[in-house]
Amino acid sequence: MNALAATNRNFMKAARILGLDSKIEKSLLIPFREIKVECTIPKDDGTLVSYVGFRVQHDNARGPMKGGIRYHPEVDPDEVNALAQLMTWKTAVADIPYGGAKGGIGCSPKDLSTSELERLTRVFTQKIHDLIGVNADVPAPDMGTNAQTMAWILDEYSKFHGYSPAVVTGKPIDLGGSLGREAATGRGVVYATEALLAEHGKSIKGLTFAIQGFGNVGSWAARLIHEKGGKVVAVSDITGAVKNPNGINILDLLQHKDATGKLADFSGADAMDPNDLLTHDCDVLIPCALGGVLNRENAGDVRAKFIIEAANHPTDPEADEILSKKGVTILPDIYANAGGVTVSYFEWVQNIQGFMWDEEKVNQELKRYMTKAFHNIKGLCKSHDCDLRMGAFTLGVNRVARATLLRGWEA
C-alpha cells in the first residue's frame with residue numbers, strides 16, 4: 001500500500017471514530033492548492049535543461065502551511081500529496097499553529113553542481129514566491145535539500161518581498177536559523193521514547209535499541225540514547241550494518257563514519273546483514289530511514305517490544321495488524337518525528353520576534369511540547385479505546401476539523 005493510500009485510510013478511520021460529517025471529511029482530504037511549475041536553467045556547459053517543481057498546499061485552517069521541499073529524481077505527485085496531508089495532522093498533533101504542505105523538484109541533486117542547484121532553487125522560488133510567505137506557506141529542508149538551499153530561497157524571496165527570514169525554516173544559524181534545529185528531529189524522537197517508556201514504568205537506561213538509518217535523525221537519536229545510558233546494539237544505513245550485544249560506542253561509530261563515510265569495518269562492532277536489523281533482538285526498534293520497511297513479510301519476526309517511527313510511514317498497515325496482535329507498541333510517525341517541525345516553529349517564532357533563544361530554551365520547550373502531545377494522545381486512546389496511531393490521528397484530525405468549523409467553512 002503506498003503512502004497516500006495508507007494516509008487516507010488512517011484519516012478515514014479517524015474520521016469514523018470521531019463521527020465527522022461526510023461533507024467536512026471530503027473537504028479535509030482535498031488539498032487547498034496544488035502548484036506545478038516548469039524550472040528551466042542553463043547548465044554549467046551552457047545547455048538548457050528543464051525540471052518540474054511542485055508544491056502541494058494541503059490545509060491552512062490552523063495557520064500558515066508548513067512542509068519540506070525535496071530534490072529527488074522520483075518526486076511523485078501522489079507521495080507529495082500524502083506527505084502534505086501528513087504534515088496537516090502532524091502539526092495539529094504537536095499543537096503548533098500550522099497547516100500542512102510539501103513540495104519538491106524532480107531532479108538528482110548529486111548530478112548537479114552547486115551553481116546549478118543554486119540557479120534551480122532561485123528559478124523555483126521565482127515561480128512560487130507569491131504563493132509562499134511568512135503567513136501563508138513556510139518551506140523547510142527535506143531529502144536532497146539543506147540549510148544552504150533555504151538560504152537561497154530566503155535571498156530570492158527577499159528580492160520580491162524585502163528581508164523575510166521567517167519565510168523558510170532550517171536556515172543557517174547566521175541567517176536566523178535556530179540553535180538546536182539540527183538535532184531537533186532525533187532529540188524529539190528521544191523525548192517521545194522517554195514519554196512512552198515512562199508510561200510502561202521503564203526508562204531508556206539499560207534497555208537495548210536497534211536503529212535503522214544513520215543519517216541526521218538516526219545518528220542524533222543514537223547519540224542521545226547512548227548519553228542517557230541506553231544500549232544501542234545494532235545500527236544500519238545504506239552502506240551496511242553493525243552489531244554489538246554489549247552496546248556500540250556511538251561516539252566512536254560517528255567518528256568512524258565521518259572518517260570513512262561508511263559503517264562497515266568499525267572495530268567496535270561486528271558486521272551484520274542490514275536486512276536483519278529490523279528483526280534484531282532488542283527492546284526498542286527505531287526505523288529512521290525509508291517508508292514501508294515493516295511489511296507482512298518481516299513483521300512476524302520483529303522481536304522488539306516497542307517501535308518508534310522516526311521515519312515517515314515505515315510500517316505498512318498489514319504489518320500494523322500483525323504487530324499489534326503480537327502486543328508490540330508502535331509510537332506513530334505523526335507524533336514520534338514531530339520534533340523537527342516543532343523546532344521549525346520555534347525558529348519561525350524567533351524570526352518574527354527578532355529575538356533568538358539559547359539552545360537550552362529550545363530543547364526545554366521541545367521536551368514540553370513532545371511530552372504534552374504524548375499525554376493528549378493517551379487521553380484520546382482512553383476515550384476512544386484505540387491504539388496510539390489512531391489516538392494521534394483522531395487528535396490531529398479533530399483539531400483541524402474544529403478549526404475548519406469555527407472559521408465557517410461553508411460560507
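Each Cβ is built from the backbone N, Cα and C atoms, and glycine gets one as well.
Among the features that TrEMBL reports, active site, proton donor is placed at Lys102. The annotation substrate binding site is assigned in TrEMBL to Lys66, Lys90, Ser344. Under the heading NAD(+) binding site, TrEMBL lists Thr185, Asn216. Positions annotated as site 'Important for catalysis' by TrEMBL: Asp142.
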Task: Winner by Cβ contact number (other Cβ atoms within 10 Å) across the binding-site residues Thr185, Asn216, Ser344 - done: Ser344
TODO: Determine, using Cα-Cα distances only, which of these recorded positions is closest to Lys66 (substrate binding site): Asp142, Thr185, Asn216.
DONE: Asp142
- [ ] Tell me the Cβ contacts of Asp142 (site 'Important for catalysis') under 8 Å, same chain only and six or more apart in sequence, or just say none.
- [x] Gly67, Gly68, Ile69, Arg70, Lys102, Gly104
Open item on the list: Take the mean position of the Cβ atoms of Lys66, Lys90, Ser344, the recorded substrate site. Which other residues of that chain put their Cβ within 8 Å of it?
Closed with: Gly67, Met87, Thr91, Ala94, Ile96, Tyr98, Gly100, Ala140, Ala338, Gly340, Val341, Thr342, Tyr345
Open item on the list: Are there any residues at least 6 positions away along the chain from Lys90 (substrate binding site) with a Cβ closer than 8 Å to its Cβ? List them or say none.
Closed with: Gly100, Ile334, Tyr335, Asn337, Ala338, Val341, Gly396
Task: Distance from Thr185 (NAD(+) binding site) back to Ser344 (substrate binding site), taken between C-alpha atoms, in Å - done: 10
- [ ] Tell me the Cβ neighbour count for Lys66 (substrate binding site), meaning other Cβ atoms within 10 Å of its Cβ, over all protein chains shown.
- [x] 28
